[in-house]
Every structure is written in structure tokens, then in C-alpha cells.
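The structure appears right after this line, and notes come after that.
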């Protein structure tokens, strides 16, 4: 278990205890046969001080144990006699901002619980880094000299938006000047044309009209400069006697002729920049200009260059932008939802509308609809994951376990069940084979690709990463058990089934010679299906009962009787000035509603995907095996892969490995038994008999994974081995012939 690193905050804490496989400090005396009991505890305590880990952006502090002199005895050993010093526990305290966040961190280490990287509560502003604070700041803060404004992002803004937006302002200014009464707005648009051509290093202010000019007096003399500086080059305000801003004729002309076109243009810029993510500052700029600047009286708007300002600016600063692009906006979140998930949400609506309104495929073809439906599963998986994490963090253990067990595999099961239903209605066995390929692809991908990719990416930053080999050993043992149970009916059919071939040719032209056969498979329905119904089917039902039972035993083992394997404890921490109450992004009821709506949308998208996958399966030159093990298996797992990579970058490889292992175990011990149970009530073509390719790929992958994870440490080379093996298996599936029935 990687020891978490320093990140920030205090409050209720998750206290991971040092695992039993922490690195040992070599004995300088070289006496390995009979070390003293006291020195063993010293080495455990010293090893914890040397272990470095990082849970990263979790809003936590790591309080590392004090390094004691060589002659002193660690405090833990002072509380135990030398006879029990080997069981002495050295703790590192990981503190979260509040109890809800502490529960989420604790759930991440629990077997069977969904691992979630993002916060489920709002982080205190003072605990955030300056980079993150800048992401959420409004564009109305004047900073000191920030260097040159000639950057790649600013030039990109000029090429994408600046030139035509400025030209539009010039055209609107001409229209307003033609109306005569709208001349003040024409002058404003002329000044804004120069501003939006290159807004960087400039400021837009809302100036206050002096009280002496607010009261309508007899004179109509021109007012002086409002800020005491040089008179700005723009419309000079006069006293509008007895007339409010919204009752002016010029305002009516502006709202009818000028504002709609500019608001539409700024809306287009705002949407485009937001979708590009790194240009979100441009989206903020356009939104603020539409909602504030263009609705102010022209005499209240003042545009200045910052370098011309020698005295502090008076009045409200509306816009002040320095950079058009910021690469850190991938961290940006809206109400706790990552910006990528926010941007992909409209895709779900487009998919549902296009899929159910354009049923005859007049607007788009089946390939486009299938791709859209598959891509829509990614944001829905994210929302389901965050809802599960939010409910679990705000509930007790029993509720969290039920929610994780019920909805943890809902994404995959929804697609599998809809595909089996469609295959049963059409009498097409190809859908069942695609489901088997997707199950195998998920298992192989989560065993090889997910941990391997995390090792490679994490190994770039960290030379060697350590993880809790005992917790990984529990998942590995369950994987061995589950793979053996899932493929037991397949092995049984190979031994007792009858080999049937589609066509055979006599090579030697001799009736007793050699025959070349194609499309051979083991037939289980010989003699009216006696072998299948009397032997294979009871074995399938037995396995489907034993595998969930083994999963429950694993939960009881890791979460009840042997919780010390994960060494996670909840404690309280009260430091002056650092205690924060929990401000959750989603309450339990809100998370439950989002979870149910996301599940409903997931079912609709899965239905559309299975509805439009048939032309792809029949007309594609690519093997159906390859489509199942890649696209259908790994696309729903992309949010989990991203979580694993983030944990690995922060040197917390234990959670990265557990993400893949947990999904793989759930595939074998929950998803497959549920599919078998479903076929009892709704007969389909799904049987728990896999092809030889699936059997060999799964067993070899699990064996290699267990060998890699044996010593509790890894590097990028071992990760490369796992990833390369995964791509080799993909190549095998790519060149494999289509399964029988497709």
C-alpha cells in the first residue's frame, strides 16, 4: 500500500497503517539469521519514514512520523513488549477536509467499492493551489506585470475569433451611426471592435456618474473626465433630463438592431471556446461581455490599456483578460462535475433524439448512430460513478455496499442484456458471441491494459512504485477462482462434447485418408441435447451460484475479519483554523436521482447501440471478436482508466491495480452469473461455453498478472510487458475468423 503524500487540509482523517510488506531496512551487521526483536520494530518504523507516496489532489496532509535518533526506541515499541513488537503498528495519518471526504477515501481502499478520484465535497478555497484558483477566478482582477501578451493562445484567439468578431463590431457601429439616435452605441461598438480584436492587456470598467450629474439640472454642459485622468476617447455623457436608460430611443434602437447580432456572435464564441476547454477564458470573456458590457449605458463603459494607467483604477472592473488559453482547464469542474463530462452531456441528448426520431435512418446511417451511442456511454458512466461515490461517502457501510453491488456493473450489464434480447428476437447467435467477446475483452483489458498503462505512466514520474501485495493477492486469488469457475463448463464441453464440422474435404481422395475440415465446434445438443441439459446446464447453474458466494466471502474477509490487510482507519483531527464542514456537491437524494436518470439514459443508449450494431457486424471486414474485445469492452471503462492513471501519477499504484482487479472480479463473479440468471427467465442464445481463444487469452493474462504482482513493486518495464501482451492479444483477435453464427 503506497503511503499517501502531502496535499492539504485537515479534519476527519483516513489513517492507513503501514502494510506488512513495507520495504525493510538492511541490517548493517549482515546478521539475517537471528535479528533482535527490538531491531525488527526499529526497521519497520524507519522503513515507514522512508516510504514516499502521494494521493495527490485529495485535499489532505500527510503527517509523517518523526525520525528518531538511532539510539532511541520508537514510540510504538514503548507501548509493547519485545515479545509482541513484531505486531507493532506504525501509522501514517492521512487527513481529509471533512468526514464525508474521509469516508470516500476509506471506501477507495475497500474491496468491491468503486474507486473514485475526484472530490465529492467542495474543497476549501484556501487549500487550493494558485493554479486552480486562477481557473475559477472571474476575469475582473487586475494583476501586476505578467509578461508579454504575445502568446500562442492569444494568437490562436486572434485567428479563430478576434478578427471576425472585431469586423462584426465595426459593421454594427456603422449601422448604429446611420440611425443617428444610436450614435452613442456606435461609438461604443467602435471602441469594442479594437478591444475584441486583441483584448489582452486591456480593461473594461463600469464607471460611476457623479451625483452632480445624476440630478438633472438646467445646464447641458459636458462633464469632465470621471477618473481624474486623461479624457477617454469615447462618448462623453450628458445629463439625460427626465429620461431613464431603458426608456431612451437610442436604447430601443440598440436592442433591436445591434445587440441581437452581437449576442448571437458571442454565444457562438462562448460555446466553441467552452468545447475546446483550453479556451474557456475566451468563453468567460464572451459571456461576461454579453451579460454585462453590452447592456450598460454607453457612457458607463470605459476601455483602457493597463500600461496607460498610472494611478489605481476607480470604479468596477468588468473585464480584464491576460491569456486566452490555459492548459490546466482539464481540472475545471462545474458543481463537482469534470468539464469533459459536462461537454459530453449534450452528446447524450443528441444521440437519444437522433436515434429515436430518425428511426428510418434518413438523416444519418447506422454506423453514425452506433458510434454516438457508444460515445454517450462514457459521460453516463462518469455520472453513475460519481453518484455511487457520493451516496457511499454520505451513507453507512451497509448502504454503500448495496449501492456498489447493485449499480457497480450497471453500465456493462445494460448493454449485454439489451444485446442478448435483440439476438433472441432475431434468432441471431452472433449477438451472444459478441457479448462473450465483450466479457472476455473487459477481463483481459482490466487485467493487462489498465494496470500496465498505469505502471507505464506512473513509472515515468516515479522510478519504482510499491503497492500492497496482500490486498492485491486477495483479488488475484479471486481472479484465479473466478476464471476457473467461468471456464469450467467450456472445459467440460471440450472433454465430453461431440466435434462437429461445417464442411470437410478429402485431401488424399481415399475414403480412409486425411480430411480437411472447416468451422468445427463441439456440439452439446447431440442426442436431443442430453449432454447439455443433463450435464452442462446443471454445471453452469452450480458455478453461477458458487461464484457470487465466493465474492461475498471475499467481501466478508476483507471488510470484516481481515480489515488490517488494507490498514484503513477513520480518526478525528482538530487543528485550529483548519476544520471545515462538509459542503457536498451532490446530496444523497440528488445523487440518487442522477443515478437513476443516468441508468435510464444508459439503457436507452445501449438499446440504440445494439439496434444499429447489426449492419456493422454483417458488413464489416473486421472480426466480430475484435469489435467485442475492444470497442464494446473498453469504451465503458474509460472513466475507470482515467481514475487509475491519476492514482498512478500520484504514486498510489495500489488503487490503480485495484481498479482493474475489481472490475475483472465483478465480470466473472457478478456479471456472468447475472446473465445466466437472466437467461432462466428470458431464454436467449447465451450459454456459458466460450471459444478456445477466449479461454487461453484469459488464463494466460491472469497468470502473468499474478507473476508481475508477486513482489509488491513494479516499474515502467513491467507495465510495458503487460501492455505489449494486451496488444498482441488484440492482434490475434483482429486476424481471427469470425465466430460461428456471425
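Glycine too: its Cβ is placed from the backbone N, Cα and C atoms.
Feature transmembrane segment, per TrEMBL, maps to range 337-357 of the set 211-231, 295-315, 316-336, 337-357. Note on TrEMBL: of 133-154, 397-418, 507-528, 573-594, the range annotated with the feature transmembrane segment is 397-418.
Looking at 107-130, 155-178, 179-202, 611-634, the range annotated in TrEMBL as transmembrane segment turns out to be 155-178. Here the transmembrane segment (397-418) has Cβ contacts under 8 Å with residues 107, 112-114, 377, 380-381, 384, 387-388, 391, 435, 438-439, 442, 555, 559, 595, 599, 602-603, 606-607, 609-610, 632, 636, 666-667, 670-671, 674-675, 678 of the same chain, all six or more residues outside its ends. Residues 118, 274-275, 277, 280, 329-330, 363-364, 369, 372-373, 375-376, 378-380, 382-383, 386, 585, 601, 604-605, 608, 611-612 of the same chain lie 6+ residues outside the transmembrane segment (337-357) yet bring a C-beta within less than 8 angstroms of a C-beta in it. Look at the domain 'Sodium/calcium exchanger membrane region' (368-488): DSSP puts its residues at 105 helix, 2 strand, 14 coil.
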